[in-house]
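> Just passing along the structure, written as structure tokens.
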């Protein structure tokens, strides 16, 4: 009966927003949250999105996105995937409220509409995405620290030492700043660091590009390699634009949460997109198809410039990684903290410390064992982010509004479901192939 009510009362369901989590306490797929709900402004969330998506990950995108595609297909895919991603997130934001109930977790919404199986599929997909993404951040921070060490030593320490330092730093930050809303005071410094390293990097890259008379933009490899690498690049573009945790981010927004989320998305896909696409294109223009997987490694200029860029990347990543890890912390905190007491009671502080330490210890160990940055990006952009971003929102639309929507709208969403399901399969094959090739090429705990 609950499913029938949802599909027959669509207009009313999607026009009501309540500040209370009505029914959350009773529904089998919903739990109260240990974290802050309905508190933040759209400007705060928009700034968080801009800085988080302009993290050090963008330093690998020239290599991952444009080298396999070249200029023509690269620009086309950047525009098409960027537009589609913005649209899919805009669509999903509308389903934050259904029948007056606020869904603060993606898996809760999928569980209500499609049953327990989809609840767990969504839960696993999200957490694989977030865990792999967090490992990528740890690897990124470790590589930035090693680059700094390399500027001062002819025999720098192994990458694994810096991975451990990065994991420990992230752990301390996540313990002291436990929720997404608590990032508010850190967004200002993060913004300064973000645009500082981007501007410096762009200046040096443009200077290098002008000094380089010959650049190779050819797409190398046999036909099969080029095709699979192109799908891997599409995965990287998807990662560049979306997180798979829109409802969790939206849960922090004050009323009206739907329009506020869309305002934050407009900021991300205008100001934010200009910078992370800009860095990717300038890097490819300056260094061609030989551009490094970590762009600062290509830069010329004095030692101080490289040190400054890498230091800014490391410090900025401490803040930006927290947005992507916060839903994991929220789940653990809601499960294991004593919700009837404050977040900062002695017992809850102890439990929070143990949970953060366990999470980052495991993630740092796995990252140290498999230090292949590109593989992380392509893998979690394929079999997890594609369904979460493109397939599931169209499934939700058909379930909630399908009986009253026009035929062409239903056909449009069925088209999205089929096309992006096939894309998920192909891009996953490409990502797995890349991982297999690198496992054969490198050894565990490689000092890359």
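Glycine is treated like the rest: Cβ placed from N, Cα and C.
According to TrEMBL, the protein carries these features:
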DOMAIN    40-432  domain 'Amino acid transporter transmembrane'
TRANSMEM  45-67  transmembrane segment
TRANSMEM  73-98  transmembrane segment
TRANSMEM  119-139  transmembrane segment
TRANSMEM  159-179  transmembrane segment
TRANSMEM  186-206  transmembrane segment
TRANSMEM  226-247  transmembrane segment
TRANSMEM  267-287  transmembrane segment
TRANSMEM  353-373  transmembrane segment
TRANSMEM  379-400  transmembrane segment
TRANSMEM  412-436  transmembrane segment
> For the transmembrane segment (412-436), name the stretch out of 226-247, 267-287, 353-373, 379-400 with the most CB-CB pairs under 8 Å.
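Comparing 226-247, 267-287, 353-373, 379-400 against the transmembrane segment (412-436), the winner is 379-400.
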> Ranking 119-139, 159-179, 186-206, 379-400 by Cβ pairs under 8 Å to the transmembrane segment (73-98), which is first?
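When the Cβ pairs under 8 Å are tallied, 379-400 comes out ahead.
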> When each of 119-139, 159-179, 186-206, 226-247, 267-287 is checked against the transmembrane segment (45-67) for Cβ pairs under 8 Å, which one has the most?
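Top-ranked stretch among 119-139, 159-179, 186-206, 226-247, 267-287: 267-287.
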